[in-house]
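To start, the structure under review is shown below, and the notes come after it.
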Amino acid sequence: MSAISTSHFNSSTFVLTGFPGLEADYFWISIPFSSIYAMVFLGNCMVLHVIRTEPSLHQPMFYFLAMLALTDICMGLSTVPTVLGILWGFIREISLDSCIAQSYFIHGLSFMESSVLLAMAFDRYIAICNPLRYSSVLTNEKIMKIGVTILCRSSLLIPPVIIRLKFLCYCRPHILSHSFCLHQDLIRMACSDIRFNSIYALILVISNLLLDSVVILVSYILILHAVLAIASREERLKSLQTCVSHICAVLVFYIPIIGLTMVHRFGKHLSPLVHVLMGNIYILFPPLMNPIIYSIKTQQIRRRIQRLFCLKIE
């Protein structure tokens, strides 16, 4: 009887939350969301195209930027079917298997983005604190190894906690808090023992997001110490300017995560609309802003894009 009950729960569907109270305006809401997703794809594809076609950008910093852009494209692709599907009226529910798969990609890509930002911080640390060894430390071979390590770290540590979602018993209302699936949302509905999921997920967050943020902070303390030791004021400013884009990328990634965590932890009394908006900001804000930040702040990319558009206009 227990097996039948578990099978029943695990084959059930979950209701995706759109924008509570705004159902009549979904058509109009879909316009800015469609535009944002289009900007995410086009902006990051442009960054990848520029890096691939411009020989002067074949440097470690831009290889890591290409990894970041690719991660952002995949993040958009992992959520666009459900978010726009709800707004366009195509879907309202999602199966458990699809929900688990989406949860895997969202969390895996978040960890991947954090790892890439950490690699970019290491790149800036070597470039400023040990510039004479930059080319020997960050060779193409080592960059490939870093990329493989990032991929393995982000994809191989998550399956134990995600796969276990398949075997939990979901007896609470199957209503998700967002327009997509998150691990913390699914275990909230489970009646089974979720201690493994809770503890393992906490360890993952500490060993990935928290540890990465601490190491990035330490690297910038060391960078600041090295920059302040430079005698020339112009050289100090020039060194710091090479870090501005990365600092902005770190902020647009970690601030939404902190905001969403605070809303989940302390905002149970808030309107469901707040949860939905914070979830979408967490998913869409970094992929949208990263191409803009690097196009504006990175001179080589800005000039290459300007030349690209000038050629197309002519």
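Any Cβ shown, glycine's included, is placed from N, Cα and C.
Whatever TrEMBL says is automated annotation, not expert-curated.
In TrEMBL this protein carries:
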DOMAIN    43-294  domain 'G-protein coupled receptors family 1 profile'
TRANSMEM  26-51  transmembrane segment
TRANSMEM  63-91  transmembrane segment
TRANSMEM  199-231  transmembrane segment
TRANSMEM  243-267  transmembrane segment
TRANSMEM  273-294  transmembrane segment
### Query
Are the transmembrane segment (243-267) and the transmembrane segment (26-51) near each other by the rule of at least 3 C-beta pairs under 8 angstroms (pairs 6 or more apart)?
no
### Task
Mind checking which residues of the chain, 6+ beyond the ends of the transmembrane segment (63-91), have their Cβ under 8 Å from one of its Cβ atoms?
16, 18, 26-27, 29-30, 33-34, 37, 40-41, 44-45, 47-48, 51-52, 102, 105-106, 109-110, 112-113, 116-117, 119-120, 123, 143, 147, 150, 179-181, 249, 280, 283-284, 286-287, 290-291, 294
